[in-house]
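One structure follows; several queries about it will come next.
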Amino acid sequence: MKHLKRNMALLSVAALSFILTACSTAPITSHSTGIWDGVIVYNFSRFIIYLSKLFGGNYGWGIIVFTIIIRIIILPLMIYQTRTTMKTAELQPKLKQLQQKYSSRDAESQQKLREEQQKLYAEAGVNPMAGCLPLIIQLPVMYALYAAVSRTQVLKEGTFLWLQLSDKDPYFILPILAALFTFMSTWLSMKSQPAGSQNGMTSAMTFGMPLVILITALNFPAAITLYWVVTNLFQVGQTLIIQNPFKIQKEREEKIQTEKAKRKAIEKAKRRAMKSKRK
């Protein structure tokens, strides 16, 4: 499932890049038609403008608050994704045992492997596909945000700090921050996983995803990059609260030490019992 989620993340960025290069440039107004332009993008635009007015017409703050609201809305899904990820990480030793048991590449062995994996997931209450939902939801949100900013005149002309929201960040500060917070988010998630569940792909993606975000953000409007900065910063805070890796590692180590102590106590009791029988 971890590989699937990472592939979905890369696919999302690639799909967004493709979509944004081919999207319509017609202005978004109250006369826009269709479900996408007339309903989704238009209402995104209106909501961001409304939020901006609460901050004295500052469209950057409008996008920041909009992003936070989106993250709060999908928070239940993110919590579910986090719990699913943690359960899957705990299953890795058993999944590896199954892979070794059905190491043959013939069709029958691979079918049995899939069946055993599905059985294991079902017993643990894990849905491998559920972890992809937040990624799937956020892609159209980013696309709609891009369309709202680039095709609504007041947002297109909006500024925030040194930024023209419809243009790239001239000083590359936002792309660097977006990549940094992406790295922090993936690194914290990796730290919470059992040591045996990590592999070369995990480490590669910890550094690979921030690089993809950096390269993409360098070529995207500041509004989209600002969204990435805020959403990944939110993710860092969410991880520290819900999936704190330092707390999880401590609890995992305490559990290991407790189990070791129990085994030692059992062995000690057995030795005492053997001595008593000899007497």
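Residue 1 is the first one shown; counting continues down the chain.
In case you wondered, yes, glycine gets a Cβ from its N, Cα and C as well.
Annotations for this protein, taken from Swiss-Prot, read as follows:
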COMPBIAS  253-268  compositional bias 'Basic and acidic residues'
COMPBIAS  269-279  compositional bias 'Basic residues'
LIPID     CYS23  N-palmitoyl cysteine
LIPID     CYS23  S-diacylglycerol cysteine
REGION    253-279  region 'Disordered'
SIGNAL    1-22  signal peptide
TRANSMEM  35-55  transmembrane segment
TRANSMEM  59-79  transmembrane segment
TRANSMEM  129-149  transmembrane segment
TRANSMEM  170-190  transmembrane segment
TRANSMEM  210-230  transmembrane segment
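So where do these features actually land, and what's packed around them?
Across the compositional bias 'Basic and acidic residues' (253-268), DSSP helix (H, G, I), strand (E, B) and coil residues number 16 helix, 0 strand, 0 coil.
Counting residues 6+ beyond its ends, the transmembrane segment (35-55) has Cβ neighbours under 8 Å at 24, 26, 28-29, 61-63, 65-66, 140, 144-145, 147-149, 151-152, 154-155, 158 in the same chain.
Residues 44, 47-53, 133-134, 137-138, 141, 145, 149, 154-155, 158-161, 163, 165, 223, 226-227, 230-231, 234-235, 238, 242 of the same chain, all 6+ positions outside the transmembrane segment (59-79), place their C-beta atoms under 8 angstroms from a C-beta of that stretch.
Residues 10, 13, 16-17, 20, 60, 63-64, 67-68, 71, 142, 145-146, 149-150, 155, 160, 163-169, 172, 174-183, 186 of the same chain lie 6 or more positions beyond the ends of the transmembrane segment (210-230) yet place their CB under 8 Å from a CB of it.
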